[in-house]
Amino acid sequence: MKTVVLSLGGSILIPELAKNRISAYLPVLKEIAGQHRVFVVVGGGGGARDYIAVARKLGIDEGTSDEIGILVTRLNATLLIAALGDAAYPKVAESHSEAKKFGESKKIVVMGGITPGQTTDAVAAVLAERVQADVFVNVTSVNGIYDKDPKSHPAAQHHATLTPKQLLSIVSQGGLGAGSHNVLDIIAARIVERSSIPLVVLDGTRPKNLSDVLLRGKGEYSVVSSTKKKVLPL
């Protein structure tokens, strides 16, 4: 049994409340949790962006706007926990320490944002360190890491494997797939480098792709690792 930390983008799980993918993700998360310890960090998605946009129009400062966004991530996390039922720990973890403690239950642990100015990708990267994860997975809207935005550059190169240093180089150039806010931010990339925990980046718009990649090694994805040790399937 391995420990897996998932950064599940809000734009993937709940792009819009009426167009959420929660039902489709339930059997996928349960299948993975049947074989491994699973921690999920949920992003804010369209809901968080909408609230933050309104807050800015009202002249609310950035720190408070971030706190509003964090509340939305926790609301999304609460919805996922309720939908998972007995498979999940019944409370949203509000710190890395809480998440680690809740993990002792062997149930799926779900959390949202923690600190203003920090993305849920960064939260997940630190959580991976705290729980000594075997793999950190970023579930996003593209099938891995590219040297340029593949949506605007058809000839962009997909990286099946790369080192943490190569990842940082791409992030610092602003060339991560659909945009660093959708694939990985630079803080999370730095944490990946220091932790030496393998990172997997995959497309989560088709939920079953997550279990296919992690449990069966099927599909297209990117692996960031400081060693040549085989990461997938788990």
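Backbone N, Cα and C atoms are what each Cβ position is placed from, and that goes for glycine too.
Taken straight from Swiss-Prot:
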type	residues	note
BINDING	Gly10, Ser11, Gly45, Arg49, Thr140, Tyr146, Asp149	ATP binding site
BINDING	Gly44, Asp66, Ile114, Thr115, Pro116, Gly117, Gln118, Thr119, Thr120	UMP binding site
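Positions of the features from Swiss-Prot, shown on the structure.
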{"residue": "Gly10", "record": "ATP binding site", "CB count, 10 Å": "24"}
{"residue": "Ser11", "record": "ATP binding site", "CB count, 10 Å": "21"}
{"residue": "Gly44", "record": "UMP binding site", "CB count, 10 Å": "28"}
{"residue": "Gly45", "record": "ATP binding site", "CB count, 10 Å": "22"}
{"residue": "Arg49", "record": "ATP binding site", "CB count, 10 Å": "15"}
{"residue": "Pro116", "record": "UMP binding site", "CB count, 10 Å": "15"}
{"residue": "Thr120", "record": "UMP binding site", "CB count, 10 Å": "28"}
{"residue": "Thr140", "record": "ATP binding site", "CB count, 10 Å": "28"}
{"residue": "Tyr146", "record": "ATP binding site", "CB count, 10 Å": "22"}
{"residue": "Asp149", "record": "ATP binding site", "CB count, 10 Å": "17"}
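The binding residues for UMP are recorded as Gly44, Asp66, Ile114, Thr115, Pro116, Gly117, Gln118, Thr119, Thr120; their greatest pairwise CA distance is 13 Å.
For Gln118 (UMP binding site), the same-chain residues 6+ apart in sequence whose C-beta sits under 8 angstroms from its C-beta are Ile187. Using the Cβ center of Gly44, Asp66, Ile114, Thr115, Pro116, Gly117, Gln118, Thr119, Thr120 for UMP, the list of other same-chain residues with Cβ within 8 Å runs, in sequence order, Gly69, Ile70, Gly113, Ala122, Val123.
Checked against Asp149 (ATP binding site), the binding-site residues Gly44, Ile114, Pro116 differ in C-alpha distance, with Gly44 being the nearest.
Cβ contacts within 10 Å of Ile114 (UMP binding site), excluding its own Cβ and spanning all protein chains shown: 21. With respect to their backbone Cα atoms, Pro116 (UMP binding site) and Gly10 (ATP binding site) stand 17 Å from each other. Recorded residues Gly44 (UMP binding site) and Gly10 (ATP binding site) have their alpha carbons 5 Å apart, per Cα-Cα distance. In the three-state DSSP scheme, Gln118 (UMP binding site) falls into the coil class. Here the Cα atom of Ser11 (ATP binding site) is found 12 Å from that of Thr120 (UMP binding site). For the pair Ile114 (UMP binding site) and Gly10 (ATP binding site), the C-alpha distance works out to 15 angstrom.
In this structure the residues listed as binding ATP are Gly10, Ser11, Gly45, Arg49, Thr140, Tyr146, Asp149; their two most distant Cα atoms lie 25 Å apart. For the pair Tyr146 (ATP binding site) and Thr120 (UMP binding site), the Cα-Cα distance reads 21 Å.
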